[in-house]
């Protein structure tokens, strides 16, 4: 069986995702589509709208055959770390292809960019380093360095101001770094930009736009057109969507409970930001106010939110040092086809497959179990200890596509 | 001016406290009565009903001239630590007397007990140690050891099953240990036992009984007869009284955010109780359920609550090691008479007097500032940073007594 992997958050699963799954399946001739999906905290440093099992169900009902959890450190890491975890898991699962959406849409350009960056890596790193030192964020610095190379050597490179091109680039880079066998393909994203408002004339909107609409408009009906019905019906049955507002009281308490020195123990807390966090926690009653208070040119909004996520979930630098790569395959859900694939590949899969969390589990899995418990304390999305009690979601009949 | 000191919590200030102040003033011929009072977390390991400034006002309106804050580590410590901090502050303030309430009521018996315990200290410690090892709590063990001495040497000692006798004994012991000049006197407690239900036939009830009535009955009028009117009117104007229920969401989140090993860093977390705390936090939705789950013969309810207070406020063993004795005198409030005393004693007071918390403050004071901020997050008793913005409460006219 040919397996094609995707790395996703599905927050929530929308028409763009459906398009990506369909196109990926067709383009690669896949028998099975495997999604490595983030758990309860996401790459933008945010809690997920819905718990991971609800999002798994969305995926399985819309063409994905197997959902594997991307462990917390990768799901909430920098783009490189996110890509590292995702690629490693898809490779361990013996996927023949990894398919990602990008603004550019042709894999050749990714290859060319990777090769150019490799050929001029010293120059690239120097330029990035200088830009970051001058006070701009890493993504901006990367983009600037890339324009510099493009002009100097008269190259045609990827537009790295586009978020999905960047992420795709990191997947491509990780495949090379890991000497992975998996082959990269890319599907061009259609219609919606990443951060755009929803456009009622279309049936495609970004997850960011959809979430914005959900929280600001609060009329779930307004987003119906952008979601497959099997995803929409799950959203429709959700009483309350989760966002940072639900965790701000806990975050604020946690920040004020620590000294600045203690806060430095958490991942990404660097450059004296701990004092600013304490000041802001003292003054700000809401998460929005808090973010407005701490934002600056030096840090992207996303990077700040990731710091806060790590403080919230107690993810320390000390723990991070012990973590290299995913060390198990946690199955969140599967169709019959997905199950068949796991059976077929049983002997070839290079990591232990965890269908049910037992009493003994690795440190890495502990982070996801804890993230679940803390997520549940701030939301009405389930109970403490659900990781132990929730078997993989199973969809009996493969969704019609 | 003759100053007489008392060590108090006033949670809340009631008729028994008024009686104690009046008797102390009369018995010692005091010109000024100084109360060393706990801040927002108390010796039983509980948050205070009302914030420390409201309790200061109660004290000043009912015969106390000067209220000094007992810093967090002493206010929430074992009886010995509580006594240590209180006696050291009253001594530093040059009080001529310390006056405490006790069930026994005669200072001679405290002296005799102290001498007997000193003469047989090895035997006493051995007996206590064996009892604690066998699984009973420290107060029970102390009481048992004392009965053993009494019978063996035919002595008449204090009844150490009575909580105020125990506390008074520790005051007495601390005076000797610190070679303090302060002289101990005791006032016999009247009418109410410590843990009793309120008795509507009387006008004296314990603070424990009053709090029980406030939270269970929820009719504030039921406690009016037990409080001086100037204390009752402050309670009457309080919209919500604080208790552990207000902090359980934060406590639960904090416990589940840590590993067992990390929980061991907090003061009093010993003997493997950290695992039980994590288990209980997973299962229990309310503080009451949580306490029922963790209680055992080995630990008194109070000791467990103190552990939880230290986890809640982030008080670590590492911090505790840096703390010996109070290192400043924090004035929470004063009458004109109290202010006059401070002026008169200016040059004799052995510690810096803090009327207003500025930008630079000691580690010890940081603990109280933080305790205030965390207390405010769980209650509607004030805002973050009140320690910086609240000058000492001043009562212009000395209360008529």
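Placed from the backbone N, Cα and C atoms, the Cβ positions cover glycine too.
Listed in TrEMBL for this protein:
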type	residues	note
BINDING	A:7-20, A:101, A:164, A:189-190	ATP binding site
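Within 10 Å of the Cβ of residue A:13 (ATP binding site) there are 33 other Cβ atoms, across all protein chains. All chains included, 21 other C-beta atoms sit within 10 angstroms of the C-beta of residue A:16 (ATP binding site). Same-chain residues at least 6 positions away in sequence with a Cβ under 8 Å from that of residue A:19 (ATP binding site) are, in sequence order, A:187, A:190, A:204. Counting every protein chain shown, the Cβ of residue A:10 (ATP binding site) has 26 other Cβ atoms within 10 Å.
DSSP classifies residue A:7 (ATP binding site) as strand under the three-state reduction.
Its Cβ taken as reference, residue A:164 (ATP binding site) is surrounded by 19 other Cβ atoms within 10 Å in the chains shown.
Here residue A:7 (ATP binding site) comes close to A:35, A:36, A:37, A:70, A:82, A:83, A:86, A:87, A:90, A:98, A:100, A:171: these same-chain residues lie at least six apart in sequence, with C-beta atoms under 8 angstroms from its C-beta.
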